[in-house]
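Novice: Below is a structure I'd like to ask you about.
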Protein chains: 2
Amino acid sequence: MLAGPKKLSLRILQDFSGSNGSLEKSPRLQGAGPHTRAGEPGVQRRHRDGDAGRTEGSKLVALFEHPLYNIPVPEVTEKDKLFVVNPMEKFSLRSSGSDEWVSSSKAETLLPTGKTAYDTYPTWLKFHVGINRYELYPRRDPLMPTLLRDLATQRIVSSVQKSGGTQLKLIMTFPNYGQALFKPMKQTRDQETPIDFFYFSDFERHNAEIAAFHLDRILDFRRIPPVSGRLVNITKEIRDITTDKKLAKTFFISPAGNVCFYGECSYYCSTEHALCGKPDQLEGSMAALLPDKTLAKRHSWRSPWRRSYHKSKKAEWELNPNYCAQVRETPPYDRGHRLLDLIDMTVLDFLMGNMDRHHYETFEKFGNDTFLLHLDNGRGFGTHSRDEPSILAPLQQCCSIKKSTYLRLQLLATQPYRLSDLLREALATDPLAPVLAEPHLRALDRRLGKVLAVVGRCLARAASPEEVLVDDVGSRV
Amino acid sequence: MLAGPKKLSLRILQDFSGSNGSLEKSPRLQGAGPHTRAGEPGVQRRHRDGDAGRTEGSKLVALFEHPLYNIPVPEVTEKDKLFVVNPMEKFSLRSSGSDEWVSSSKAETLLPTGKTAYDTYPTWLKFHVGINRYELYPRRDPLMPTLLRDLATQRIVSSVQKSGGTQLKLIMTFPNYGQALFKPMKQTRDQETPIDFFYFSDFERHNAEIAAFHLDRILDFRRIPPVSGRLVNITKEIRDITTDKKLAKTFFISPAGNVCFYGECSYYCSTEHALCGKPDQLEGSMAALLPDKTLAKRHSWRSPWRRSYHKSKKAEWELNPNYCAQVRETPPYDRGHRLLDLIDMTVLDFLMGNMDRHHYETFEKFGNDTFLLHLDNGRGFGTHSRDEPSILAPLQQCCSIKKSTYLRLQLLATQPYRLSDLLREALATDPLAPVLAEPHLRALDRRLGKVLAVVGRCLARAASPEEVLVDDVGSRV
C-alpha cells in the first residue's frame, strides 16, 4: 500500500483534539439548512442521483422532495464535525512533475483564482471532511455523483489484499490517493444462497454492497459509505500492478482460458473458489474508504442481538423473550437514541436479509451520541424467496421505533414511493446495472409489509402509540 | 468396519496359488457359450436388465441380441478365473440363531435339497467368484438384477469413511456381508461443472458413477463394477450406525432443518460443502466392492496419457505429437492388447467427459493379459455443452482401435441402437431415475460422432484399414 494518502490527510485534516481553530470555509462544510445549501446551485440538483437526465417522472426525485426527507438535521457545530480542516493546506500536484499529490503548506486560504483550498481537494477528501455526528454524507449531497463516478472510473494504481475478515477483499488506490474497498463477484445475480447454508458461511456479494448503499440512502439513514459497481480488469488492474506477492501468486489461467485468482483468506480462497474474469473482466463493488483509523478512530460495538456463529448454539436473545428489557438497562442502550438507531439498522438488515450484523461501528470522537456505521453488507440480498423474521428480533422484542423511520417506511409502502421502484431506479445508474435481480427487488416490498406489521402488532398491544413510536421529529413534519 | 466378510471370503475363496484343485460346479462358473448359459433359464432373460416387463420394443434387448454383442469370449480355463472355490464351503446362517453369516466347513458339495454350496452364496460373493481374465461379469449376467437390487435395498448395518481419495466416500455393509462404496450427491443433475474449474477440483458425481456402469456395459466392456442409485437416510443409515467418530462429529442440523454432514477429506469436507438430506434422505451411488485386495491383489497403472494435475504444466503427451510411438515401445504397451484396451477406456471417458483417468487397475493374478478395471468414474458427466477432445488423445495419436469396438460404436450411432436411447433405457430401471439430465444423454450421440470421425480421419490417412482397425474378432462376426 502507498504511504502517501495517510500522510497527506494528516496535514490537511486534524482531529478535534488538535484543532487549530481555523475552520475551512467551503459552503458544504457549513451547517446550511436542509432544503438548500449555499454553494449548491440548482443545476447540481439534476446530478444528485448520478444521472442528469432522469428527473422526469423520477420517484427518487419525488422521494427526496417529500417533507419526510427534508426534516432538518440538528445544527452541525464544530464539535459535531469529524475533522477540523486546516484552511492553509491546498491539495496540489507536486511541481516536480511526478504524479504524486502533495499538499502545499504555502497555499493561501483564498487562491489567486478565487478558489478556496477546499476546492483543490479531491472528492474523496471532501467526503471525509463532510462527515459529522449525524450523518456520513448530507441529503442531496452534490459530491455524490462525482464520488460514485470516481470509484467507477478512476485509474487504479495499486491493489492489495485487505487483512482481516474471512473473505477476500482488496484495497485499491487511485492516482489522487483516494481508496476503495473492492469486493469481487462470487455469485451471479440469479443465484440464491442454498437453504442449508449458515449465515456465517454465506458468500459476500458485491451487488449486496452496492444495493445496501442505495437502500440505506432511500431509508434516509445515510450510514453506509458510497459504493459503486465496477468492471475491473483483473490482469491490468490487479495482477500487473499489485505489490502483494501472496496475492500475485494465486493468479492462474483457467481451463476455459480465463484469468483467475483466489488470494489468501480463511473462507473460499482456493482453486475451487477462484474468481475468474471473462477473460479478465470481473465485476466487483468499490466502496469509498472511511478516513484512516489513525485520523478518525472508530469504536466497534458488539450487537446485543448478535447471533451465536455456531451451528447449533443459540444466542441469549433467541431464548429470552424479555431480552430487550435487559438491553434497555445496559449502557449505551440505557439512554439517548442508541437502541432506536440499532432498530433502524435491524430494519435495513431485515429488508435485505442480512443475518451477519455481529458488530457495528461509531466514530469515537462523537461518543455515544452519534449515528451507527452500517459497514459490511455483503451478506444481504442472498435470498429473495424467504424472509428471516429473526433479523427483526430487536424491533419485535423492544417494540420501539423512531417515528421518523416509521413514517418513512409507511411512505415507502405506498405506490408513488414504492421501495422496490425507488431502489430499481437508484441502481439503474450503477455501471453494473441491473445490480439486483427482480425477485430481490420484489422481496423488499414484501418485507417492508412485514416490518410495518410488526410495528402494527406493537401498536395494537401498546397503551398509547407513543410507547412504540418514539418522537424524533416533533413539529418538524 | 466388520471383520466378518474378509474372513468368510477367505474360507470360500482361494486364490490361484492356493488352489486345491476342486472347482465349484455351478453352471455360471463354467465357460458356457455366449448365447446361452446352462442354468440360465429363459425366464431369467426377461430379468436381465432389472425390469421384467420392458422387453417389448426394448432397444437394449435388441442390442444385446445383436451379433456384435454375441462374439464369443475366449474359453475361461481355471487359470483365467480370479478365484478357485472350495466346493465344500457352504454359506449359511449360524445355527445359534445369531444373524451372523458363517461358512460351514461341514457342508457337502451337493446339499440334501439338491442345491450346491454355490447356491448358498450371497449374490455379491457369486459376483466375485465369477470374475475372470476377460470380464468383470458376463453378458446377460443372471446375477445382475439381484446384484443391483441388493445394492439398492439391502439393510445397511455399517457406514464408515473410506480412506484415500480426495472426496468423501463411505463403505457401507449389508447383513450378508456384502459391501458397497457410497458416494453422496454433491451436484444436482442440472448443474454443469463451471468452465473455469480444473478436472482435479471437479466434484465427484454420484450419478456419473451410476451412468458410467451402464454405459460401460452398453459398450460391451463390462469393466466397471455394478452401481445402483439409492436414496439413503443419512440419519438412520449413516449417523446412527456409524462407528466412525470422526464422521459422526461432522453431522449437524442446517438452518433449513435438514440433516447434514461433511466428513473428513482433503476436498470439499467443510460446513460450506456439507451434504444435506431432505430432511435426511440423500441420493447416492452404491457401487459393488471388488474382492478385498488381500484376496485378489490389484496392480495400479499410471496412465501414459495422465494429465499433469497442475494448473499450468502440460504433460508430455500434450506437447509431443509422436508420443504414441514412444508408448508403443514401452511395456506393457509393446505387446498384447493393452494399448487397445487403454484406447477403449479413452472412448468411454471421452463419451462421458471424464478427464480424471490418471490410473487404471488390473487383477495381478492375470498378469498383463487381462481387461482393465474402469474404477472411479465420478468425474464423468460434468458437462454436456462442451466436449473435451484431449481425452481422445490416445486414439488420435495412436490411430488404433479394436475392430470390435469400432463396429459397436458404428452400431451405436444408428437409429435402432442409438447410444442415448440405450443409456436412457438402462438408467430408467435405476431407483434414482432419471439418472442423467437429457442434455447429457444427447451429448453422448454428438461425442460418439466425434469418436467415429477421429477413426475416420485415421482410416483416410492409413495405407490399409487394418493399420487402424486391429482385428480382434476374425471370422466371429
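From the backbone N, Cα and C atoms, a Cβ is placed for every residue, glycine too.
Automatic prediction, not curation, is the source of TrEMBL annotations.
Just so it is clear, the model here is predicted, and its values are computed rather than measured.
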Novice: Please pick, from B:GLU204, B:GLU264, B:GLU272, B:GLU388, the residue that TrEMBL records in the ATP site together with B:GLN167, B:LYS183, B:ALA287, B:ALA288, B:LEU289, B:LEU290, B:GLU361, B:ASP376.
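Specialist: Checking B:GLU204, B:GLU264, B:GLU272, B:GLU388 against TrEMBL: the ATP site match is B:GLU204.
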Novice: Rounded to an integer, what is the Cα-Cα distance in Å between B:ASP356 (active site) and B:ASP376 (ATP binding site)?
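Specialist: Answer for this pair: 9 Å between alpha carbons.
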Novice: In the structure shown, with every protein chain counted, which of the binding-site residues B:ALA288, B:LEU290 has the densest set of Cβ atoms within 10 angstroms of its Cβ?
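Specialist: Top count of Cβ atoms within 10 Å goes to B:ALA288.
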Novice: Are there any residues in the same chain, six or more apart in sequence, whose C-beta is under 8 angstroms from the C-beta of B:ASP376 (ATP binding site), and if so which?
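Specialist: Set apart from B:ASP376 (ATP binding site) by at least 6 residues yet with Cβ under 8 Å, we have B:GLY165, B:GLU204, B:ASP356.
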Novice: Within 10 angstroms of the C-beta of B:GLN167 (ATP binding site), what count of other C-beta atoms is obtained when all protein chains are considered?
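Specialist: Around B:GLN167 (ATP binding site), other Cβ atoms within 10 Å: 19.
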Novice: Identify, among the recorded positions B:GLU204, B:ASP356, the residue whose Cβ has the fewest other Cβ atoms within 10 Å in this structure.
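Specialist: Output over recorded positions B:GLU204, B:ASP356: least Cβ neighbours within 10 Å is B:ASP356.
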Novice: Using DSSP with the three-state reduction, classify B:GLN167 (ATP binding site) as helix, strand or coil.
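Specialist: Assignment for B:GLN167 (ATP binding site) reads coil.
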Novice: On average, what pLDDT score does this prediction assign to the domain 'FAM20 C-terminal' (B:251-463)?
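Specialist: So the average pLDDT across the domain 'FAM20 C-terminal' (B:251-463) works out to 97.
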